[in-house]
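Trainee: Before we start, here is the structure in question, set down as structure tokens.
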Amino acid sequence: MVPKLFTSQICLLLLLGLMGVEGSLHAKPGQFTWAQWFEIQHINMTSGQCTNAMQVINNYQRRCKNQNTFLLTTFADVVHVCGNPSMPCPSNTSLNNCHHSGVQVPLIHCNLTTPSRRISNCRYTQTTANKYYIVACNNSDPVRDPPQYPVVPVHLDRII
């Protein structure tokens, strides 16, 4: 009985540890609201090259993100998409706070090709396209988000 219980506890701890690691990969840095983090990750492409642009995101997360999509549009335009009819989110159909862009936008998709423990050594390839997108939206943080946007994008759910 003791070895079986001990083994079960070890398995549970390993599972919880893995879930914690997976959860932390999708976590936002604490100093940002979800809308601010969305803007950093998906709107503010600080450089025309993925390798340079991804360093900003990677520095906040302290790891090299495997892939990321930058929408070449404005935050205000994505906020406007939040006004489109709600739909179930493709990545989690139990959530009904997603909205289809309705128009294609230019975008750049960054894909990690050279991983490294040292963030500055990570390298990315980039692909450009014009595609629709689906974004999840929530009520804004009344203190830290721009007051003109009561509902804001918080997650890029799908590119189509």
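Every residue gets a Cβ built from N, Cα and C, even glycine.
Feature table excerpt (Swiss-Prot):
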type: ACT_SITE; residues: His42; note: active site, proton acceptor
type: ACT_SITE; residues: His155; note: active site, proton donor
type: DISULFID; residues: Cys50-Cys110; note: disulfide bond
type: DISULFID; residues: Cys64-Cys122; note: disulfide bond
type: DISULFID; residues: Cys82-Cys137; note: disulfide bond
type: DISULFID; residues: Cys89-Cys98; note: disulfide bond
type: CARBOHYD; residues: Asn44; note: N-linked glycosylation site
type: CARBOHYD; residues: Asn92; note: N-linked glycosylation site
type: CARBOHYD; residues: Asn111; note: N-linked glycosylation site
type: CARBOHYD; residues: Asn138; note: N-linked glycosylation site
type: MOD_RES; residues: Tyr60; note: 3'-nitrotyrosine
type: SIGNAL; residues: 1-27; note: signal peptide
Trainee: Taking the Cα of Cys137 (disulfide bond) as the centre, which of the recorded positions listed as Asn44, Tyr60, Cys64, Cys98, Asn111 lie within 10 Å of it?
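Mentor: Qualifying among Asn44, Tyr60, Cys64, Cys98, Asn111: Cys98.
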Trainee: I want to check the contact list for Tyr60 (3'-nitrotyrosine): same chain, sequence separation of six or more, C-beta distance under 8 angstroms. What comes out?
Mentor: Pro29, Ile40
Trainee: Taking DSSP three-state, what's Cys110 (disulfide bond) in: helix, strand or coil?
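Mentor: Note: Cys110 (disulfide bond) is in a strand by DSSP.
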Trainee: I need the CA-to-CA distance for Asn111 (N-linked glycosylation site) versus Cys89 (disulfide bond), whole Å please.
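Mentor: Rounded to a whole number, the Cα-Cα distance is 23 Å.
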Trainee: By a 10 A CB contact count over all chains shown, which of the disulfide-bonded residues listed here is most packed: Cys50, Cys64, Cys122?
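Mentor: Going through Cys50, Cys64, Cys122 one by one, the largest Cβ count within 10 Å is at Cys50.
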Trainee: Non-local Cβ contacts of Asn44 (N-linked glycosylation site) (under 8 Å, 6 or more apart, same chain)?
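Mentor: Correct list: Val56.
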Trainee: Restricting to the same chain and to sequence separations of six or more, state which residues have a Cβ under 8 Å from that of Cys98 (disulfide bond).
Mentor: Ser86, Met87, Pro88, Cys89, Pro90, Ile134, Val135, Ala136, Cys137, Asp157
Trainee: Helix, strand or coil: which one is the residue listed as 'active site, proton acceptor' in, per DSSP?
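Mentor: Note: the residue listed as 'active site, proton acceptor' is helical by DSSP.
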Trainee: For Cys82 (disulfide bond), which of the listed recorded positions (His42, Cys64, Asn138) have their CA atom within 10 A of its CA?
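Mentor: Correct set: Asn138.
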Trainee: Counting Cβ atoms within 10 Å across all protein chains shown, which of the disulfide-bonded residues Cys89, Cys110 comes out on top?
Mentor: Cys110
Trainee: Does DSSP give Cys82 (disulfide bond) helix, strand or coil?
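Mentor: In the DSSP reduction, Cys82 (disulfide bond) maps to coil.
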Trainee: For the disulfide-bonded residues Cys82, Cys137, work out the Cβ neighbour count at 10 Å and name the residue with the minimum.
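Mentor: Among the disulfide-bonded residues Cys82, Cys137, the sparsest Cβ neighbourhood within 10 Å belongs to Cys82.
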Trainee: Tell me which residues of the chain lie with their Cβ under 8 angstroms from that of His42 (active site, proton acceptor), as long as they are six or more apart in sequence?
Mentor: Asn68, Thr69, Phe70, Leu71, Val78, Pro153, Leu156
Trainee: So how many other Cβ atoms are close to Asn111 (N-linked glycosylation site), meaning within 10 Å of its Cβ?
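Mentor: For Asn111 (N-linked glycosylation site), the 10 Å Cβ neighbour count is 14.
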